[in-house]
Amino acid sequence: MIIYNTLTRSKELFVPLDVNNVKIYVCGPTVYDFAHIGNSRSIVIYDILFRLLNVLYPKVTYIRNITDIDDKIINVAQNNNQNIYDVTARYIKAFNEDMGRLNCLKPTYEPRATENIDVMLALIEKLINYGHAYICDNTVFFDIESYPAYGKLSGRNIMELIYGSRIDIEVGKKHPGDFVLWKPATDIDNKLMSCWPSPWGVGRPGWHIECSAMSYNYLGENFDIHGGGADLQFPHHENELAQSCCAFPNSYYAKYWIHNGFLTVNHEKMSKSLGNFLTVRQLLDSGIRGEVIRYIFLSTHYRKPLDWNDNVVSNAQESLNRIYMALNVTDERLLLDDVEVSDEIISCLKDDMNTPKAIAVLHEMVTRINKASDIDKKVYFIKVLIKSANFLGILYHSWQEWFKVDNDQDIIQLIHERKMAKTNGDFRKADRIRQILLDKGIVLSDNKDGTTLWYRS
């Protein structure tokens, strides 16, 4: 398998630390709201990686954390007169429901930050003892100048990192780029139950130490792959890497770093203030199927930017319609035990998770099915298509379910009249009937055997 390693800025042959247990850590959601489509793209991408690695290796340990303590969570809890656990319980449940509807597999473990406070405290103490962290007014800061390699992940020097990114300027820092490991509790923290005792007083962790603690607790000092969105590369992942390597001097933390590209909406950054902030829940409730959302994410290479717009949604729906149309051979569920996922699909994914190429292979399979005249061969091709598409997390419906076919007698009667008109050479009437049906939201597809498939658009 070849993957692009952000750390080395090059494609590399993936060589796991232990071929018997590949270890992955991916930054999961901060649960203060429903998951937006930018977050969800990342979840789908690493779901594909998880599926692929499970084919290539006997065991994969996939950790995807939940950030359940954060300023945004505290703000929501305060505004709704709740404690943080009420807020996070609601949105963790919603997140798992939404990702299930995108056909994402569950990770091996899904640790919560609040369940790993003791590990964070131990790491912070190590950093203080090793001279990489200092205390100022009950706040513990990481000293970035104590780590000479700081900036190697993002490829910029310290001054560029400071002036080119969002960094909190706080009184007491030795250096403007130093970041918080532990902060003292406020009155609001005490009220909302968002603080814990520590050697430096009651308080709560900084964001970056959370992921270092959870990855260490579940995967150890070193692991194979760290994934996340490109927006996390700096400062979050840079800070994770620095503090983990300093806490464990013989560690390099993650061997491979993978970052998926940004997502925009109508060529603009997604923002609540612009009114273009889209959540998966909103899209699902509007009638856009989870399979369509997933197909859109897979149609663009994970490292490239993706623009979400109406045309993208429409094209994905039409593409899936074409694939499902090819299944219109039998009304029965096909058993797939005697076929395997196409080698072409696996090869595409082994090349830096080239999902657009894998999608193209599915459409080549559809062409092969449509051209096949032998029914047994056609059914075999369909089974391989379904097995391969299922591996990508799509094509889980029967064609009847997808097109929502029912026994509407009025529609069937119009289709019969259209067929008779064509038989009698009255093509104008046939076209008028097709248009009448189209106006009703009914799409027709004429088969070579003279039958007509219809579905509601």
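Sequential numbering from 1, following the chain as shown.
Even glycines carry a Cβ here, placed using N, Cα and C.
What Swiss-Prot records for Cys27, Cys211, His236, Glu240 is Zn(2+) binding site, and it gives sequence analysis as the kind of evidence. Annotated motif ''HIGH' region' per Swiss-Prot: 29-39, in sequence order. According to Swiss-Prot, the motif ''KMSKS' region' annotation covers 269-273. Annotated ATP binding site per Swiss-Prot: Lys272, in sequence order, evidence recorded as sequence analysis.
What Swiss-Prot annotates, mapped onto the structure for a quick look.
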residue	record	DSSP (3 states)
Cys27	Zn(2+) binding site	coil
Cys211	Zn(2+) binding site	helix
His236	Zn(2+) binding site	helix
Lys272	ATP binding site	coil
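Cβ-based crowding with a 10 Å cutoff singles out Cys211 as the top-ranked of the binding-site residues Cys27, Cys211. For the binding-site residues shown (His236, Lys272), fewest C-beta neighbours within 10 angstroms: Lys272. Residues 66-68, 70, 72-73, 75-76, 87-88, 91-92, 94-95, 98-99, 229, 231, 262-263, 265, 270, 277-283, 293, 308 of the same chain, all 6+ positions outside the motif ''HIGH' region' (29-39), place their C-beta atoms under 8 angstroms from a C-beta of that stretch. A Cα-Cα distance of 22 Å separates the residue listed as 'ATP binding site' from His236 (Zn(2+) binding site). Long-range Cβ neighbours of Glu240 (Zn(2+) binding site) (same chain, at least 6 residues apart, Cβ-Cβ under 8 Å): His208, Cys211, Ser212, Ser215, His226, Tyr253. Other than the site residues Cys27, Cys211, His236, Glu240, same-chain residues with C-beta atoms no more than 8 angstroms from the centre of those residues' C-beta atoms, the Zn(2+) site, are Trp207, His208, Glu210, Ser212, His226, Gly228, Leu232, His237, Asn239.
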